[in-house]
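Here the structure is laid out as structure tokens; the discussion comes afterwards.
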Amino acid sequence: NMYKEDFRNMIEENRNSSDSSCAFTHTNTMTAILITVYSVAFAGGGIGSITMSFVLVKMNTLSVTTTAIINLVVVHGLLLFTVPFRLHYYFKKKWIFKMPFCKMVSAMVHIHMYLTFLFYVITLVIRWLIFFQWKDKVEFYRKLHAIAASAAVWVFVMVFVVPVLYFEYGRSGFYNDTTCFKFHKELQQDSVKALNYTIIAAVSCVTCVLLGLQIFILVKVARKLSTSLWSHQEFWAQVKNLIFICVIIICFLPYHLFRAYYIQHVSNFDQLESYNEVFLSLTALSCLDLLSFMLSGS
């Protein structure tokens, strides 16, 4: 009887350990990709944010573009704070920081992506207004105006976005405390599907408009400066605008295009969830934008 009891306990322990390992659904290859992408984002984003902070401190003027860049430094900083916890989870294959913090870390990637996208759009629109000479220079006349405009965006996020994500995120179904970033059960709700499709359509359309407008402007500049194109500052200023659009196309668009497929087939097979996580991790690489601005002399 004693031997039978020991044998039963051993089987139970094995079952429990296999259950906990099954909770972590990523294969070794997918885990390695996630660790690599987030490590690159953390290192490059950290260097870029610190370097850009020193540059911004020395600047006297507070243009709308500068204000947008300051906000980018802040939003990248918030994401980078959560990255070590993600890396810990991917290394250990077990979440040890409780479910509320998991929700916050998970939501931060989405908040970061859409705020970065918003600041890019604002920056590009302002630069185009200057190009079309509707405005000579777009500047906040007082630093208070810049702070107020930035605060308005952040208050909207804190009051409307964060509470909704916190209370609605992970509400459908039971989630294991040792497993994180598995909130796909929400996608079975029609309202969540509709919201996702709306966001996908909006991001895709805005990206196409941004790219189309920038190509139109580059063609216009090329025709105007046909002889001295490569040595003219105006042409290179417009080429630098492409950095923003390239980041959107490389980092944000693949996630949204895959998401449309993922929502339809989410319950078909588990591996899709890993692919979704990898595409989502690519959005964190937008943290490298500040480093690319510094290296390109923007």
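A Cβ is built for glycine as well, from the same backbone N, Cα and C atoms used for every other residue.
The average pLDDT for the domain 'G-protein coupled receptors family 1 profile' (48-258) in the predicted structure is 81. If you look up TrEMBL, you'll see 48-258 marked as domain 'G-protein coupled receptors family 1 profile'.
As annotated by TrEMBL, transmembrane segment applies to 33-57 (among others).
Same-chain residues lying 6+ beyond the ends of the transmembrane segment (69-91) with a Cβ under 8 Å from its Cβ atoms: 26, 31, 34-35, 38-39, 41-42, 45-46, 48-49, 52-53, 56, 97, 101, 104-105, 108-109, 111-112, 115-116, 119, 123, 150, 153, 180-181, 284, 286-287, 289-290, 293. Summarising the annotation, TrEMBL assigns transmembrane segment to 69-91 (among others).
The transmembrane segment feature in TrEMBL is assigned to 111-132 (among others).
Taken from TrEMBL, the feature transmembrane segment applies to 144-167 (among others).
Annotated transmembrane segment per TrEMBL: 194-219 (among others), in sequence order. Listed by sequence, the residues of this chain that lie at least six past the ends of the transmembrane segment (194-219) yet keep a Cβ under 8 A from its Cβ atoms are 117, 121, 124, 128, 131, 187, 235, 238-239, 241-242, 244-245, 248-249, 252-253, 256-257, 259-260, 263.
What TrEMBL lists as transmembrane segment is 239-258 (among others).
Same-chain residues lying 6 or more positions outside the transmembrane segment (278-296) and placing a CB less than 8 Å from one of its CB atoms are 30, 33-34, 37-38, 40-42, 44-45, 47-49, 51-52, 55, 69, 72-73, 76, 79-80, 83, 109, 112-113, 116, 240, 243-244, 247, 250-252, 254-255, 258-259. Taken from TrEMBL, the feature transmembrane segment applies to 278-296 (among others).
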